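Student: What follows is a structure written as structure tokens; I'll ask about it next.
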Ligand SMILES: Cc1cc2nc3c(=O)[nH]c(=O)nc-3n(C[C@H](O)[C@H](O)[C@H](O)COP(=O)(O)OP(=O)(O)OC[C@H]3O[C@@H](n4cnc5c(N)ncnc54)[C@H](O)[C@@H]3O)c2cc1C
């Protein structure tokens with residue numbers, strides 16, 4: 001082993017978790033090395049996930065709006081539209097992000113090391129450069145933030161030419177005429193609705209009856225109504241038995257109910273797997289749990305003292321937003337810097353068309369756990385702003401405890417859902433009673449007014465329950 005170079009902290013992976021950890025540690029005065037194997041910084045979030053898919057979504061929304069206003073513009077996408085033209089701004093966004101991150105690392109004096117990391121011992125990490133040169137780095141504080149890659153089901157022959165996964169889907173040259181999407185999770189729902197909005201004929205296939213099963217059915221049904229109104233097809237309760245490129249013109253997907261779906265391309269969105277293979281974590285005394293993830297305690301420390309882990313490598317919620325905060329906290333905990341209160345209330349944002357977002361627990365979950373909970377619903381078509389802006393297909397739901405006071409969860413589907421959710425998140429974090437939404441004056445006309453309408457429904461239900469009890473019913 002060559003002579004190790006020592007740092008106060010080593011961070012492996014430059015995604016949201018690693019980047020925020022490195023910057024936080026360096027700001028506290030620690031000497032920090034950030035190890036990244038790819039040429040570009042930012043991980044799946046910047047290069048293949050969040051930012052690329054959301055950039056495409058912006059353009060899909062524009063295309064959809066132009067099509068909806070067809071009588072004004074008679075808009076039609078050209079045949080064989082190149083995908084690159086639909087994500088024209090992507091390179092600008094990515095380059096700007098890369099430059100910003102590099103400058104931030106330089107400013108905070110984080111040493112960026114380009115190479116593939118693997119553990120030699122609990123304190124030693126070897127980094128192999130693209131030219132095959134090896135150097136060892138050592139530290140008593142190491143953060144694993146190596147992220148995840150798409151799960152490859154053994155029977156789906158992903159070739160990145162006709163059958164894609166969520167990392168390669170945007171490498172398609174042309175917008176296909178038809179696309180089969182396997183899966184009903186977040187990434188599947190986002191890409192299925194984005195491509196459908198672009199005019200691709202999309203068929204989503206999943207073994208569960210509804211997509212996005214962690215949300216209540218009324219929300220996912222609103223999503224499905226919009227998706228099918230755009231022309232998409234949902235095949236729930238359906239198992240794929242075989243899937244192949246026919247060598248000529250189509251991907252054939254055979255299902256257990258005897259149906260066969262033909263499409264030009266296929267996206268397999270069957271979840272993600274932690275990036276740990278190359279790390280050889282066994283050399284550090286670490287092992288994976290039965291879900292293939294690294295276990296951490298509430299300080300984000302692994303079972304080996306001094307080694308922390310954050311982001312997708314530790315599993316759900318597997319969001320860029322949560323990964324950033326986990327990375328920052330892991331660095332603080334490791335270096336014993338005060339990091340502030342931990343809030344377990346994390347919103348989930350699903351950037352499908354329409355958007356969905358939730359915070360706290362669902363109505364289904366609340367009923368299972370507490371019984372007769374209070375639920376208030378406001379539909380966007382009952383809100384002035386919904387009518388004005390044509391954002392009619394949406395709803396906001398508040399779930400309260402059995403007294404109808406304490407907020408347990410909020411779920412929104414429709415325009416602005418991923419932004420609107422933060423109002424509810426703040427109420428939840430501050431333990432505000434649902435009445436806060438009625439006692440507060442919101443701007444008019446806004447979609448945020450839906451909070452007031454849903455809260456009023458709960459307050460009315462609460463009052464009528466109280467009078468029923470008083471009257472002895
Ligand atoms: C299509 C898609 C859409 C998404 N949309 C959203 C969204 O809208 N909102 C949201 O919050 N989240 C979204 N996500 C999730 C988000 O991208 C991830 O949760 C986030 O990127 C995880 O961050 P991370 O730092 O854990 O890992 P990553 O971002 O995966 O970064 C890990 C880094 O580690 C590097 N690495 C791995 N192994 C090694 C090694 N041995 N040596 C050196 N370097 C290594 C990798 O090259 C990579 O750069 C989306 C994901 C996908 C795939």
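Even glycines carry a Cβ here, placed using N, Cα and C.
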Student: If TrEMBL gives 183, 184, 185, 186, 187, 188, 189, 190 as binding NAD(+), which of 271, 282, 285 does it give for that site as well?
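Tutor: Candidate listed by TrEMBL for the same site: 271.
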Student: Inside 8 A of the center formed by the CB atoms of 183, 184, 185, 186, 187, 188, 189, 190, 271, which other residues of the chain have their CB, for the recorded NAD(+) site?
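Tutor: Going along the sequence, the neighbours come out as 191, 192, 211, 212, 269.
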Student: Return the count of C-beta atoms lying within 10 angstroms of the C-beta of residue 187 (NAD(+) binding site), excluding that atom itself.
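Tutor: For residue 187 (NAD(+) binding site), the 10 Å Cβ neighbour count is 22.
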Student: Would you please pick out, from the binding-site residues 146, 148, 189, the one with the fewest other Cβ atoms within 10 Å of its Cβ?
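Tutor: Ranked by other Cβ atoms within 10 Å, the binding-site residues 146, 148, 189 bottom out at 148.
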Student: Tally the residues of the domain 'Pyridine nucleotide-disulphide oxidoreductase dimerisation' (346-454) by DSSP class, grouping H, G and I as helix, E and B as strand, and everything else as coil.
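Tutor: Once the DSSP states are binned, the domain 'Pyridine nucleotide-disulphide oxidoreductase dimerisation' (346-454) shows 40 helix, 29 strand, 40 coil.
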Student: Which one of these binding-site residues, 147, 183, 185, 271, has the sparsest Cβ neighbourhood, judged by other Cβ atoms within 10 angstroms?
Tutor: 271
Student: Enumerate in sequence order the binding-site residues 183, 187, 189, 271 whose Cβ-atom distance to ligand 1 is under 6 angstroms.
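Tutor: Correct list: 187.
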Student: Where does the mean pLDDT land for the domain 'FAD/NAD(P)-binding' (7-327)?
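Tutor: Computed over the domain 'FAD/NAD(P)-binding' (7-327), the mean pLDDT is 94 on the 0 to 100 scale.
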